[in-house]
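Chemist: Structure incoming, see below.
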Amino acid sequence: MNIHEYQGKAILRSYGVSVPNGKVAFTVEEAVEAAKELGTDVCVVKAQIHAGGRGKAGGVKVAKNLEEVRTYAENILGSTLVTHQTGPEGKEVKRLLIEEGCDIKKEYYVGLVLDRATSQVVLMASEEGGTEIEEVAEKTPEKIFKEYIDPAVGLQGFQARRIAFHINIPKELVGQAVKFMMGLYRVFIEKDCSIAEINPLVTTGDGKVMALDAKLNFDSNALYRHKDILELRDLDEEDPKEIEASKYDLNYIPLDGNIGCMVNGAGLAMATMDIIKHYHGDPANFLDVGGGATAEKVTEAFKIILSDKNVKGIFVNIFGGIMKCDVIAEGVVEATKQVGLELPLVVRLEGTNVELGKKILNESGLNIVAAESMADGAQKIVSLVG
C-alpha cells in the first residue's frame, strides 16, 4: 500500500527523523492559510499523488510570497499530472503539501528495500540525490553504496557511518546522518515497509540533515496489524478495478493490452501473460483468483475484467489442484450468462475434476472455445482477438 508524501513525513517525524515543517491543503484557501502559519520567507507547493517525477511535471513550485502560493495552488489543484510513473492518463491532484523552504547545500539518496536474493533488508545510498535511482544504477552504478543488514541484530551504527562516509556527508554532520538512517530503519521494520526511500536527503546551510521527500510503501499482507497505516489509504489514488477486486480477495493488476486473463495462482498467471506475448498478443491484466475461488468469485472476476473497455477477448487458464475444475466451469457459465458475454472466450482446464468441468462447459450451450493446453489456448485467443 502506498501513502502520500505528507503522510510519510508525519510517520518519520514521529520516529525522530528530521523533515521540514509542512501542512496539507485540500483547497486554495487552505494552502494560503498553511503558508501563513508556516511564516517562512519561502514555501514549497507540492502536488500530492502516488507517483514520482512530480517536479518535472510541474507539480512542485517554490513560492516567495503568499500571492505566489495562491497562484501555484490554483494551477496545481485539480490539474492532471503526467509523469513516467502515472502512465499517459496521469493523475488528478486533489491535495497539496505546503512546506517551508530549505537552504539546500547538497542532495543525496537514501533508501531501504528488501533484497529477496539474500533475504535481507539492504540500505542503499548515493550522493547522486534528486534524480531517479534507477537512472543512477544504469549510468553510474559505482555511485550506489549498499549495506546488507543482518535481521538478527538490525542496522548497526558502524554500517550507517560507513554509508555516510561513502556518500561524502560532511564530517560534522555524520552523527546526524547516522541518527537519520537508524530512525529510517526503525520505521521500515516496525511499520512493515516494503520501501522506505528518501530522495533527496539534503544537508542544509544551517547544518541540518533532513528528508526533503519521502516515499513509504507498506506490505499489504501486514496491514492487519497496522490499523493506523490502513487509515491513511487514499482510494482516489487507486484503480477502481483493483479496489473492487480486493473486496473478493482477487489479485488484479491492470495492463495495457486487450486480452483479459483469469488464472489461479500467481506463477501460472505470469506464465499465461508470457505465453500470450509469445504468440504476439497483449494481456490486459494480471488476475489471480486464488486457490479457493467460488462461482461467485469467478463471476466477480469476469465483471472486473469486462469493466476494462480495452478488453476484446478473455482467456481463462485454470490448473485444478486445491481448486476444482467443475467449480470454475460452473462459475464461468454463470458469469457468462450474468454479464451477457459477447466477446471471444477461451477456457483451458486441467487437474482435479477436469472431465466434469469440460462436460459442464460443453453442455452449457454457450459459445466457449475449449483449449487443450496453455499454448493452444493462447494461440486461439490471440487469433480470435485478431
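Residue positions begin at 1 at the first shown residue.
Here the Cβ of each residue, glycine as well, is placed from N, Cα and C on the backbone.
Swiss-Prot lists these features:
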type: BINDING; residues: LYS46, GLY53, ARG54, GLY55, GLU99, CYS102, GLU107; note: ATP binding site
type: BINDING; residues: ASN199, ASP213; note: Mg(2+) binding site
type: BINDING; residues: ASN264, GLY321, ILE322, MET323; note: substrate binding site
type: DOMAIN; residues: 9-244; note: domain 'ATP-grasp'
Chemist: Using a 10 Å cut-off between Cα atoms, which of these binding-site residues sit near ASN199 (Mg(2+) binding site): LYS46, GLY53, ARG54, GLY55, GLU107, MET323?
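Modeler: Cα within 10 Å of ASN199 (Mg(2+) binding site): GLU107.
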Chemist: Using all protein chains in view, find how many other C-beta atoms are within 10 Å of the C-beta of ARG54 (ATP binding site).
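Modeler: Step by step: centre on the Cβ of ARG54 (ATP binding site), count other Cβ atoms within 10 Å, giving 22.
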Chemist: What's the longest C-alpha separation between any two of LYS46, GLY53, ARG54, GLY55, GLU99, CYS102, GLU107, the listed ATP-binding residues, in angstrom?
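Modeler: Site span for ATP, by Cα atoms: 20 Å.
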Chemist: So how many other Cβ atoms are close to GLY55 (ATP binding site), meaning within 10 Å of its Cβ?
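Modeler: Other Cβ atoms found within 10 Å: 14.
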Chemist: Would you work out the biggest C-alpha to C-alpha distance among ASN264, GLY321, ILE322, MET323, the residues that bind substrate according to the record, and give it in angstrom as a whole number?
Modeler: 10
Chemist: Taking only the residues in the domain 'ATP-grasp' (9-244), give me the average pLDDT of this model.
Modeler: 93
Chemist: Using DSSP, would you call ASP213 (Mg(2+) binding site) helix, strand or coil?
Modeler: coil
Chemist: Helix, strand or coil by DSSP: which one applies to GLY53 (ATP binding site)?
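Modeler: Reduced to three states, the DSSP call for GLY53 (ATP binding site) is coil.
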Chemist: Measure the Cβ-based neighbour count of CYS102 (ATP binding site), defined as the other Cβ atoms within 10 Å of its Cβ.
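Modeler: A 10 Å sphere around the Cβ of CYS102 (ATP binding site) contains 18 other Cβ atoms.
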Chemist: Among GLY55, ASN264, ILE322, these being the binding-site residues, pick the one whose CA is nearest to that of ASP213 (Mg(2+) binding site).
Modeler: GLY55
